[in-house]
Structure formats: C-alpha cells, structure tokens
Amino acid sequence: MSLCLNPKCPHPENPDRHQFCQYCGTRLLLGDPIARYRPLRQIGAGGFSKTFIALDESNTGKPQCILKQLRWRGEDPETQTHLFSQEVDRLRAIGEHPQIPQFLDAFQGSDRDYVVQEFVPGQTLEQELSATGTFDESQIRQILEELLPVLHYLHQHDLIHRDLKPDNIIRRQDTQQLVLVDFGAAKQATATALAKTGTLIGSAEYTAPEQLRGHPTFASDLYSLGVSCIHLLSDLSPFDLFDPFEGKWRWRDYLLEPVSDELSEILDKLLCSHLRGRYQSARDVLKAVDPRSPIAPPVRRRRSQSVYVSQPLASPPAPAATPTVRPQSVEGSAPIPAVQSDPTLPPAPPDPAPKWQCVTTIAHPSVSGICAIALIPQAQAIATAGGDGTVKFWDLATGEGLQEIRTQPSGPLAIAIAPDGRLLACAKADGRIDLWQLWQLSPQDLRRGIAPLLVRTLSGHTSLVGSVAFCPDKQTLASGSRDRTLKLWDLQTGRLRQTFAEHGDRVTSVAFNPQWATATPERSHYLVSSSANGEIALWQIDKCELQHLLYGHRGEVYAVAVSGDGRHLVSSSWDRTVKIWQWGDDPLVMPALTHILTGHVLPVGAIACSPDGQTCATASHDSTIKLWNLETGTEFATLTAHSQSVVALAFSPDGTTLASGSHDGTAKLWRWG
C-alpha cells in the first residue's frame, strides 16, 4: 500500500506502485531533488510531526526508513526554513552516534518539511515489558549503562530529548544495542529557548516538573530516565507509583523483587522533583552506577581464519628478580612491574610525571564542532574538518588560518594525510572520497595562498564513509563505510582495487601498520579494521587476505590505531574500555591482549599512538584526553581543556605535539613541557 500524505485527502490508501493518489491526485513519492520515498503507513503522531514507515525506492533493495512530516510551515516560511536548516544540522550531527538513528535526508515540500532517518528494527522496552514481564536490577543497570552515554552525547550537542520513555527506546534486533528514537520533541538548550514557557512537550507520566512548567533542562531527561526505570521494574503506570497526598514516590512498595540500596538511591536521586537534589549530568549518574566489568562475547568463527576472544586476564605472578611486564587488567592505571631492590639503599625518588600543556587553541566553529583532525608536518600545518562542510588549514606554531576548502554538498566525516604530505583524503557523508593535492612545487604552497586542488573523487561506497587511511607505500588508500564494506583504492589511477565485505556490520575505523623499509616491510601491508558488531579484522592487503579476527569488546568498536613501531594495536569500544594488543616478532601471528584500560567515564572515540611506539592517547566523550604507556598500560596524564566530546587526535612525527579536535568547535595543540 502507498499512503497519500495530503492531510485533506479523504482516502489516503493507494495500491502499490501508484505514482499519484487515485483520489486527490497528490504525488505519492516524496523527495527533493529526486522523488524517492514512498510512505507505507503511519506509526506515530505528535504536536510537531507525524511519523511514517517508508520505502527508499532509489536504493538497492528498497530499504525501509523513517519519514517524518513536520508541522505546517506557517505564515513566516523564511524563518521556518532557517530553523529547519538548523534542525537538520543538529540531527545530522547527533545521527553519527550508533545509538541514535542515522540521519539520511531532509527536504522541503510545498508547505511542509520532511526528515528521513534510519529505520531501527527491533522491540521497544515497552514491548519487551509486555512480552516478558518486569525487569530485574541487572537489566535496569544495563539500561542505565547503555543510555547514559547517549544522553551525555545528546546534551553535549545542546539538545534535550524531552520525550524519553520506554516506547522511545528500541533494542536493535541484530546487535541488541539500545537505541534512543523519536527526536521530534528534541529542543536546543539555548539560553533563549530555556527561558521561554511554551507548549507542553513529552508524555506527562514521564515528564519532569520543570518541563511541565515549560522550563526543560538536561536534568529533565535524567528524570524521565528514572521514571522509565521504575515503570520497567513494576509494570505500573508512573502515576500509580507516586503518592500525590504526600508528594513522594512509592515505587519500592510495588516491586515483586526488591533492588539493592545502591540502585534505590540512584533512582531516588533521578526522581527528585527539585532540580537541586537531582543529578545534574549523565556523567554524574554514570559515576554513581559504577559499571560492571565487561564480559567477553561468545566465540564466533568464520571460514578458516583464526579468531581471538579475549578472556579475563590472569592475576600477575609473584614478583620476579628482574623487571617484567605482565598482562593485567588496568583500573585507571596499572601497577609498576616488580623489581628486586637492595634494602641497604634508600629508595630511588619517583620519576617526575610527564607534563603536557595546551599551547594553542584554534576555533573552527560549526553546529557539530570538529569531526576530524590531521597534521601536515611537511608544511608545519594542521587540518581540521568541521560540521560546517569545510576543511581548514592552520599554522602549526601560531594557529593562524592558512587556507580553506569546501566539501559541499556533503560535509566531511574523516580526513587523512598521505605520508609525503602532498594528498589529503576527505571522506564524506554521501559515500564519496575527495582527493586534494595540497601542494605542487613545495609544501610551503599552503602558506603562499596557493589553493589546494581537487584531483580526483573516489565513488563506490553506497553510504557514508567514516574512516580513511593511507598505506605507508603511498600507493593505496583504505576506506571503511556504513555500507559494511572495506575498500582499497589505487592512488595513481583512482580505481577500486578490492572490496572486502566480510564485516557483518558497518565499518567504523581503519588503520595501517606504519612500519615501512624495515626488517619486516610486510607490516606496512597489514591493515586493521573495526566494525559495529564488535569485530576487529586484520588483513594482509598485498594478498587480499583476511588473516585474523579479534573479539573481546562488548559492543561496537569505535576506533583502532597501530603504534609507530608496529608492535601494538589499540582499540576502543562502546563498552567504555580501551584494549591494548601486542604482536610478537612475526607480524602474521595473531596479537595477544595485554591490557584493558578503564579510566574514562564515557566511551573513547579516537586513539593516536606516538611515533616511538611508547605512548597512546585516547579521547573520550567525557571531554578528556588520557595518555598511557603502551608497555605497562599505565595512565600518566589527563588533559582536560575541552568542554565537549573529544573526537579526533593526531601526534606530530617527533611525538612532542598532540593535536585534538572536539565538538566544542576547537582544536588544541598540546606540547611536552
């Protein structure tokens, strides 16, 4: 069936494949510039929008998607168009998070605006409650651990969901990951917006008192999360769990199975009617929840490739007479390897802690801030990619702006610089990769006002490209996409060399082993890729072979990086852990897990390894950067100058400068001092 969206149509149901409504003549396929979306049925309606299941008829297989028809544009279409453009920018920015539906498209009809988002197959938590009964404490803790990072991410983008409830939380059918949906009521948390008293938004049962009065805050979403939890614990309406005469929640009285005092205190603080008594941030709640250690997933095998599944690391052996490095789980920092000491000698003073200082801050303002960063040492420059659709180049020493390139109509998601500094690869949301020649005669061209030249566009991916990496041999580019493929490109011809479709979910990150012209040159042809299904794949690209699969993370792997000496692989995940894996002398032998790092409060989205192979830096949605010793797993520095999620990192070739990019719209240069 095809559905006509003309609100005045008396009979909106139409047969399949019709192009126009047989009753009112309205065009059934929607979209601009290509009419491609066929509405099938309405699944929701609110004060701001109507929501439909639709088919994307221009895409292979005609996948389902969510089509939202926003309310009538009103008497001031120019202002509404401007507001719609801002809203689209915000939805595009937050849609990069794997637990938020992906933003696909937006367009304007004759009198209404439309947004297209990913269709998430699965059951809502409300449907799970109806099917299986009340939730227990472990399930509630899992919900808190999964959704609090999503709320933190949302709030860092200055958005308040305003309609958080079990009906708007879907468990993905394939990965079982919780996804927060229905952003039709989401509101930007600007000072002006928060000062206005307006229409009631949200479901009254789950709505915070200040939101009922028209003054929502970030803590309003936390209140709604707490109400959702007690509803899932009791299977009763939140109205029935509140005593209006005493003004108190009585949810404990209705539980079939009691929960711990610790969880009760957390829920009570989430449910506090007074803002001052409630948690003020998702990060504060996460600290109180005290997440449990991750559990390794079941062993899965594919073809004949070897598979590694991480197990809990063994306890360290008794102290030895000589310094040893032992695999061990790391809680913030690792114990120093035991060394036999001479009791007659005074203990040696501890080494002074390394100090990193922020020496330069570069502003690249945009709705979604900076999404990628890269250093160009040959030109003593830094490149930043922003949500405003630009890649900007800056002086590495002074932070002065040098050049700018625009990537419209589709903005950049990832950038990479070739080893010789001549080429920049810019991966975009439309699935294409632009190759820019940064200089022709000299690396100083960037400083002389000579604009970079677009030399080639690589087309082949069918969805956004989230990661690109140059091979150290300077002949190959690797790209990973949401279309679940990893591709290799010939840089000389621009031709597609190879497509790997072994990943069962979107490819999230790619990284080459940087070793080249050493005793083991084959390392440079070793490629690492990660996926949303928790896999880490190791490829030998000169033979186009999958060598190993590593498992150990409890959810989507966000980033992978290889140390400068080619000995360590570092990975980060939605499960809020960072894992260090180590190769032996033979690069073709599967690396072993040596350390699990758990120092960050929220997931790590970016990793960079120093060229000397001694240090790795991790950047988190908790707005911090941490520096770790790769051999021992010890944390030795935390950098805290950013105010929002840090999503990009890069070391200079000498390892003395670290560049970071954040959703706060700034890039920062940190130097050893």
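Numbers run from 1 along the shown chain.
Each residue, glycine too, has its Cβ placed from N, Cα and C.
Because TrEMBL annotations are produced automatically, they should be read as predictions rather than curated entries.
Some features that TrEMBL has for this protein:
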- Lys68: ATP binding site (BINDING)
- 37-293: domain 'Protein kinase' (DOMAIN)
- 292-352: region 'Disordered' (REGION)
- 370-404: repeat 'WD' (REPEAT)
- 458-499: repeat 'WD' (REPEAT)
- 500-542: repeat 'WD' (REPEAT)
- 550-582: repeat 'WD' (REPEAT)
- 597-638: repeat 'WD' (REPEAT)
- 639-673: repeat 'WD' (REPEAT)
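Here the repeat 'WD' (500-542) returns a mean pLDDT of 83 for the predicted model.
Same-chain residues lying 6 or more positions outside the repeat 'WD' (370-404) and placing a CB less than 8 Å from one of its CB atoms are 89, 92-93, 96, 360-362, 364, 410-417, 420-422, 424, 426, 436, 438-439, 443-447, 449, 451-452, 647-653, 657, 659-663, 665-667, 669. All protein chains included, Lys68 (ATP binding site) registers 22 other Cβ atoms within 10 Å of its own Cβ. Secondary structure of the repeat 'WD' (639-673) per DSSP, as helix, strand and coil residue counts: 0 helix, 20 strand, 15 coil.
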